[in-house]
Amino acid sequence: MVDYIVEYDYDAVHDDELTIRVGEIIRNVKKLQEEGWLEGELNGRRGMFPDNFVKEIKRETEFKDDSLPIKRERHGNVASLVQRISTYGLPAGGIQPHPQTKNIKKKTKKRQCKVLFEYIPQNEDELELKVGDIIDINEEVEEGWWSGTLNNKLGLFPSNFVKELEVTDDGETHEAQDDSETVLAGPTSPIPSLGNVSETASGSVTQPKKIRGIGFGDIFKEGSVKLRTRTSSSETEEKKPEKPLILQSLGPKTQSVEITKTDTEGKIKAKEYCRTLFAYEGTNEDELTFKEGEIIHLISKETGEAGWWRGELNGKEGVFPDNFAVQINELDKDFPKPKKPPPPAKAPAPKPELIAAEKKYFSLKPEEKDEKSTLEQKPSKPAAPQVPPKKPTPPTKASNLLRSSGTVYPKRPEKPVPPPPPIAKINGEVSSISSKFETEPVSKLKLDSEQLPLRPKSVDFDSLTVRTSKETDVVNFDDIASSENLLHLTANRPKMPGRRLPGRFNGGHSPTHSPEKILKLPKEEDSANLKPSELKKDTCYSPKPSVYLSTPSSASKANTTAFLTPLEIKAKVETDDVKKNSLDELRAQIIELLCIVEALKKDHGKELEKLRKDLEEEKTMRSNLEMEIEKLKKAVLSS
């Protein structure tokens, strides 16, 4: 059975699962058929747990617990010898003496490293590093991250922020000497073995102690052997500019451990800030408005909408688009630190969401300085990116914004106000009337044009016009005096084909009414309906007959047409319009129906032709079939 150590917290979802916490040891672990899950025993209870939340405890870590069997070797009993051979194996040169075992014990005792750069923890299980601190290395958790103890606190820290120290026989720690021609390599895994010296830190060249007298000879005189170095190309590139800083920051050979910071101080996280790259004006009440170069306190990156962050600026809290700002750090703005990669995604989909702590890599200071210099050397600022889409704005907000910005929606156009009644001109002319009168018959216009005389009483006409324009409140049709017909100046002009002149009307009234008259149309209609006979009498038996009329019949017709009131003319025009419109509609419908009937006739004819053809084909087929039957009958009878 294999043991595993818990790297991330996990809360059980089902009854057959284990709830595990960071640092716990799960015993007697075995793999299950289901991919991504293991089964083990914890606190007397056996259950399942995801394999990407734990790490297998390797055999090398058990050497620390074997101190008691090593002490028994001093007594020289056979049991200790058998245990030592089964643990370490039988060397090629024979059984080693006891002094060599003591050296191995001392060399595998501890690994220590010295902090070269400050590091602020981003998660609870990480250590806060200060320059010059000495950390006891426990193990390499994963590539780029080590587990160690600092100030009696166990936690994780990035391996590229420290430098491993060399441990001598006397238990003293010394910094590994940097050769000017060597390049720093990645961290190595501690793997103790018989007849071998401990690994050197970061692949630097040191002067190892020579091993003699155990049957191997002086085969390590050129230097120590590197075991299982896992140096990626990207890691070596990241660490190349680190060398001059390391050379400058190297202090004395030994330093005492500084215990100045408490655990609570190590858990304080730095505030996050953003620097705006482009100006932005908020379109909603919950959005921030900022200019280029302002610093926004970043509160949260999770707002429920992709592409939006929540922050605070000038005491106002709101959301803003993340592509208009770049994140900076308040405590350490010089460089962003490397992220730790997440654990392998072997477990089912929901399980990685339960990871409580996710490590982050942070790049080194020199790289950030280089990036900063390249940003400052950019020739021109890029164009502002497009604002990401946001949730639709409620109608009330949109209307308020439109009102505040001064935008007014266009209203429905009102009816135009009719012009004031025409005033008689010097020569007795009257302005042209509305186009509604164009619908009157052409014959009527011709009749009037033939009977148009000169106006003998211009003074009476002017007085009537002034009087009717003043009497807007009360209209009495009995007071209207008869007068001779008037001829418009454009009546004798050549006419375009299909166009008609406006109709004739009483000279005392204008066809265009003021708004007050339009409002009082019902009263006028009532008065007109009350005395139509009186109006006819007055018009037919006028005391002032026209001397210009040729016959009495034509005079009566002219008078009846001349003394039509504006209301009657308007009603007549409206009825004519309605009749004409309805007539046009009926004509269009009739034409459409005729087209439909013609189309149906054509389709019906085609169907009939098709049926006739089918019928003919059926007849021929039937006749052929009957002939075949007759032939078969004859053949049967003849046989």
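Glycine residues also receive a Cβ, built from the backbone N, Cα and C atoms like all the rest.
Per Swiss-Prot, the feature domain 'SH3 1' maps to 1-59; the stated evidence is sequence analysis. Per Swiss-Prot, region 'Interaction with ANLN and localization to the midbody' is recorded for 1-175. According to Swiss-Prot, the feature phosphoserine maps to Ser67, Ser80, Ser86, Ser224, Ser458, Ser463, Ser469, Ser510, Ser514, Ser582. The feature domain 'SH3 2' is assigned by Swiss-Prot to 108-167. Taken from Swiss-Prot, the feature region 'Disordered' covers 168-209, 227-256, 333-428. Per Swiss-Prot, the feature compositional bias 'Basic and acidic residues' maps to 168-177, 356-379. Residues annotated as compositional bias 'Polar residues' in Swiss-Prot: 195-207. The motif 'SH3-binding' annotation in Swiss-Prot covers 336-352, 378-397, 410-422, and the record cites sequence analysis as its basis. What Swiss-Prot lists as compositional bias 'Pro residues' is 341-351, 385-395. The feature phosphothreonine is assigned by Swiss-Prot to Thr565.
Thr565 (phosphothreonine) sits 26 Å from Ser582 (phosphoserine), taking the C-alpha atoms as the reference points.
According to its DSSP assignment, Thr565 (phosphothreonine) is coil. Broken down by DSSP into helix, strand and coil, the domain 'SH3 2' (108-167) contains 3 helix, 35 strand, 22 coil.
Break the domain 'SH3 1' (1-59) down by DSSP state and the numbers are 4 helix, 30 strand, 25 coil. Around Thr565 (phosphothreonine), a 10 Å sphere centred on its CB holds 20 further CB atoms from the protein chains shown. DSSP gives Ser582 (phosphoserine) a helix state. When pLDDT is averaged over the domain 'SH3 1' (1-59), the result is 88.
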